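Pulled from Swiss-Prot:
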- 1-33: transit peptide (TRANSIT)
- K70: N6-succinyllysine (MOD_RES)
- K70: N6-acetyllysine (MOD_RES)
- 174-183, 207-209, R319, Q330, 387-391, 416-418: FAD binding site (BINDING)
- S183: phosphoserine (MOD_RES)
- S183, Y229, Y283, N291, E292, G293, R294: substrate binding site (BINDING)
- K278: N6-succinyllysine (MOD_RES)
- K284: N6-acetyllysine (MOD_RES)
- K284: N6-succinyllysine (MOD_RES)
- E414: active site, proton acceptor (ACT_SITE)
- K426: N6-acetyllysine (MOD_RES)
Amino acid sequence: MAVSAFQLWRAGGLLRRNFLTHSSSWKIPPRVLKSSQPEALLSVTNNALCFAPLQTFTDEDIMMQKAVKKFAQEQIAPLVSTMDENSKMEKSVIQGLFQQGMMGIEVEAKYGGTEASFLCSVLVIEELAKVDASVALLCDIQNTVINKLFRKHGTEEQKATYLPKLVTEKLGSFCLSEAGAGSDSFALKTRADKSGNYYVINGSKMWISNAEHAELFLVFANVDPPSGYRGITCFLVDRDTEGFQIGRRENKMGIRASSTCQLTFENVKVPETSVLGKIGHGYKYAIGSLNEGRIGIAAQMLGLAQGCFDYTIPYIKERMQFGKRIFDFQGLQHQVAHVATQLEAARLLTYNAARLVEAGRPFIKEASMAKYYASEVAGLTTSKCIEWMGGVGYTKDYPVEKFFRDAKIGTIYEGTSNIQLNTIAKHIDAEY
């Protein structure tokens, strides 16, 4: 088996080169050299610190982007149309993500992970989405939600048991939404009743991503319904647990290769050791994971929009009408420039939010801004690309119509665009 670029990185097979030049009297802590935080991307000029642009990356970041791009073009691109048509993710794609080290990007090396930065996760998701948003979503959930919940709230025993498998072979699924709990995330009806050393879960979940292939489900249920959201707790449920059933896939408009299923729990019995974190703290964990997850969705929407744009521009530079390239018409040039500017703004919002996470600084408002704006830009970009390509853009012979269908979900999941605006406004109200 070929050794992935991620494995070489983890093994130290690549030399580190940082972006720092400094005097002998100015020492950089070793951890900074391993970071892609803004603090690591600066130089010293005339005794003044000059921060690098948001799109300045470490050598590892650049290497990672190239590795993901190569994998996406060679292993995913040939299967995209078939996966979309059949509404099914090819197992070879999932296996490839694991083999390439893309399913444990931030996970510590002692658990078999790559031990890279949050920004690296964002860059991976963006590159995958340029080819297929469904694959990007699968990778996003595993890295920014499932693994993150274990790393932040799991016991040492849970980490040692689950993380090595989540990094190499086992897909996880985040189970929060219900029929009556969409934007009102904590209006959960699924409950978990204590019975000796066990909890018995009853209820159902809807719109659960990755459910078809997942082997481990992080299920949010209420152990004390009278206490409202303060009774919500996160439970670990294995796929083959008695009483647990996975329903049929939803027949969706977009991201069709990403499975979305209903789950039912009928007297599902799990031990106390299957509680992730503390009893009654599930709502905190869900909020935290969704906040970071929104940056992942922003990256997905950004990559999707960029992939569509990258495919369309060469076409309109070659397509001739009225004796000249359609790109040469000023009206079209202005539209292209407008879209390109919005793409760049979405990229900077997304990267900035990711770097705030790494720096340990408040990021909730910025995450909502990135997710909201990138989703809106994805919808605009893909719609314009179809218009620019004309009739052929409307056919399934070209990928732009799929990008268009995939883009719509960005304004809906991980918090609708209106929910993002509510969050942004709430923070502005507090700031003033």
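Placed from the backbone N, Cα and C atoms, the Cβ positions cover glycine too.
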Greatest CA-CA distance (Å) over the residues S183, Y229, Y283, N291, E292, G293, R294 that the record ties to substrate? 21
State the Cα to Cα distance, in Å, between G390 (FAD binding site) and Y229 (substrate binding site), rounded to an integer. 50
Just to verify a number: CA distance, S209 (FAD binding site) to G293 (substrate binding site), in angstrom, no decimals. 13
List, in sequence order, those binding-site residues among S183, Y229, R294 whose Cα sits within 10 Å of the Cα of E414 (active site, proton acceptor). S183, R294
Counting other CB atoms within 10 A of each CB, which of the recorded positions K278, K284, R294 comes out lowest? K278
Look at the binding-site residues Y229, Y283 and tell me which residue has the greatest number of other C-beta atoms within 10 angstroms of its C-beta. Y283
Tell me the Cβ neighbour count for K70 (N6-succinyllysine), meaning other Cβ atoms within 10 Å of its Cβ, over all protein chains shown. 13
At the Cα level, what's the spacing in Å between E292 (substrate binding site) and S183 (FAD binding site), rounded? 17
Please work out the number of neighbouring Cβ atoms within 10 Å of the Cβ of G390 (FAD binding site), leaving out its own Cβ. 13
